[in-house]
Amino acid sequence: MRSDPSILHVDLDAFFASVEQRDKPSLRGRPVVVGGTGMRGVVSTASYEARVYGARSAMSTAEARAICPAGTAFLSPRFEAYRKSSLVVMDLLRELSPLVEQVSIDEAYVDLRGADLEDLEVDTVRKRLERLDADIREATGGLTASAGAATSKMLAKIGSDLDKPNGITIVAPGEEKSVLEPMSVRAISGVGPATAARLRTFGVETVGDLRRMTDTDLVSVFGERHGRSLFALARARDDRELTLSREAKSISNEETFERDVHERHVLHREIERIAESVGARAEKAGVFGRTVHLKVRLPDFTALTRSFTTTSPTRDADVIARTATRLLDGLDLPQGVRLLGVGLSGFVAHAQTGLFDLETSADDETEYPEVFAPSPQDEPAHGSDAIDLSTRFSPSPERRWRTGMDVHHPDHGNGWVWGSGRSRVTVRFEGPTTPPGPVHTFAVDDEALSPAEAPSWT
DNA sequence: TCTGGGGTCCTAGGACCC
DNA sequence: TCTGGGGTCCTAGGACCC
């Protein structure tokens with residue numbers, strides 16, 4: 001914890017709804033709800049006029065429609081417009097100090113130690129924040145923000161929430177514990193509905209209550225990390241520094257269907273569509289991922305996740321889709337599917353050629369049984385007959401092994417390609433299941449494969 | 001007309017290696 | 001012969017955040 005209120009938290013007020021009201025004067029002064037407008041939509045942001053009626057973020061749009069008066073505008077989000085205004089605000093923050101941690105499209109921390117201020121006294125900070133407030137209004141055409149400054153991230157964030165909308169709260173050094181004490185435990189970062197409910201069973205509602213629990217008890221109930229963090233944060237001990245830059249660790253897309261889907265072929269088509277977008281985003285980000293994730297939500301809202309890690313990083317939509325389809329086919333889904341998601345993680349900056357490069361050194365003299373490369377016309381559509389690993393195909397410049405490809409081996413049965421390299425292919429048989437089936441590696445018939453083809457292998 | 005979509009981090013168990 | 005830890009990787013699930 002710092003000795004001066006040099007951490008700032010800035011939060012744009014009802015951001016999506018405010019942008020809509022700014023851009024469309026007829027919406028000003030009226031309740032506006034931005035979010036999914038379909039039957040299964042949820043609210044992203046409700047304007048303050050809509051909050052009067054009880055509309056809230058994360059509420060189902062259906063419920064918001066039921067409680068808001070006629071004349072309430074229900075709008076789909078226009079992310080491009082929001083991004084534009086967000087950028088304007090983030091630039092203003094970076095003008096204030098180069099030490100900015102952007103948390104989301106409408107929220108950021110700023111380290112005022114990087115600001116050009118004569119000192120970090122409460123009055124000096126307040127004056128500067130008042131100027132920032134005016135700058136944000138002017139630069140964005142009337143959007144407002146709420147701000148909090150304090151000696152730690154937690155207190156700065158709590159501060160920005162204390163006087164919404166468009167308020168400035170500075171928690172003076174020494175006041176942290178008394179500000180925190182009467183607040184609900186939900187004010188602590190990392191305490192959501194589940195943790196709050198468990199704490200309630202111990203008679204803990206406020207941060208003051210939480211302080212009566214021992215370190216040992218909290219660790220035994222919530223685990224090492226979470227327990228220690230609760231103990232420290234309840235005492236306003238928060239040394240977290242700003243994270244000035246971070247790289248994405250995963251890319252995913254998911255979709256909730258308007259109606260639960262029962263047909264496998266529809267799910268397969270959806271996987272292809274979603275994988276297409278995941279692959280395109282990975283390409284845009286310049287990354288290749290080793291792990292493909294599948295997420296399924298059932299009509300009863302339980303979520304299933306499956307993942308598969310290969311040695312061959314990819315961003316090929318086709319490979320992602322095949323892998324995800326494999327994972328889906330390992331699930332029994334008699335109730336149908338409410339949501340389907342596909343993701344990619346385990347990023348490396350460049351695609352590896354495959355197992356050969358990753359796992360085989362030049363002096364590796366392991367002998368593998370030989371199999372033969374398939375030709376593209378023999379590559380089966382998923383679900384149809386597998387490629388027979390014991391059959392020699394006629395050479396073709398396009399033939400290649402692809403992760404997820406169905407194969408058959410006379411000794412091992414059915415399987416699918418798990419990874420491949422210039423001279424060998426690895427197959428997982430009877431997979432993917434938990435626990436996974438056996439993996440066998442074969443040397444491929446590389447006579448017909450020119451080295452130039454290798455980079456296109458996935 | 002219950003409950004989106006994009007993420008991050010943690011835990012726990014098993015495999016495997018040293 | 002029996003009994004070890006520690007570390008890492010992978011997988012599944014869950015909590016949390018905006």
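Any Cβ shown, glycine's included, is placed from N, Cα and C.
Looking at the domain 'UmuC' (A:7-192) alone, the prediction's average pLDDT is 97. Annotated domain 'UmuC' per TrEMBL: A:7-192, in sequence order.
Annotation comment: TrEMBL describes A:D11, A:D106 as Mg(2+) binding site. DSSP gives A:D106 (Mg(2+) binding site) a coil state; it is part of no helix or strand. Listed in sequence order, the residues of the same chain lying 6 or more apart from A:D106 (Mg(2+) binding site) and placing their CB within less than 8 Å of its CB are A:D11, A:L12, A:F15, A:Y82, A:S86.
Secondary structure at A:F16 (site 'Substrate discrimination'), as computed by DSSP, is helix. Non-local neighbourhood of A:F16 (site 'Substrate discrimination'): A:V34, A:S44, A:T45, A:P77, A:Y82, each in the same chain, at least six residues away, with C-beta under 8 Å from its C-beta. Annotation comment: TrEMBL describes A:F16 as site 'Substrate discrimination'.
The active site annotation in TrEMBL covers A:E107. Annotation for A:E107 (active site): same-chain Cβ neighbours under 8 Å, separated by at least 6 residues, are A:H9, A:V10, A:D11, A:L12.
The region 'Disordered' feature in TrEMBL is assigned to A:372-400 (among others).
The region 'Disordered' annotation in TrEMBL covers A:430-458 (among others).
Residue environment of A:D11 (Mg(2+) binding site) contains 19 other Cβ atoms, counted within 10 Å of its Cβ in all protein chains.
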